[in-house]
């Protein structure tokens, strides 16, 4: 078991519905610590860079529009096997297929507005964290 970090975004649907505290409670109840957190308005350039892996996908434009439609909360989470743990806590991308007790089952409205993003690997977590945080921003 390795102590590691992962990156999280509470998406505009979460901030719009004022459920960020409830989502954070689920994260912390799962044993993950929030060691970096900031509420920002993602720019178009930030969203396009962050989601560039999806650039050729048909939903890319809608995704960028959604992610820039309101404030988001970017986070650094830390804990034992944080990447896998947070992916488990988030639940399936489609909230209708997410397990009971997961963030997406409890809070997500649709596949497009599914409340949270989490890194899919430790390597990607490092890249994603570096896009929004410096080492000085993280209080471990």
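Keep in mind that glycine also has a Cβ here, set from the backbone N, Cα and C atoms.
Among the candidates 5, 17, 104, the one that Swiss-Prot lists alongside 11, 59, 87, 93, 114 as binding ATP is 104.
Spatially close to residue 93 (ATP binding site) yet at least six residues away along the chain are 104, 111, 114, judged by Cβ distances under 8 angstroms.
Around the Cβ of residue 104 (ATP binding site), 22 further Cβ atoms fall within 10 Å across all displayed protein chains. Cβ neighbour counts within 10 Å, taken over all protein chains shown, single out 11 as the most crowded of the binding-site residues 11, 87.
Shown in sequence order, 112 are the residues of the chain, 6+ apart in sequence, with a C-beta less than 8 angstroms from the C-beta of residue 59 (ATP binding site).
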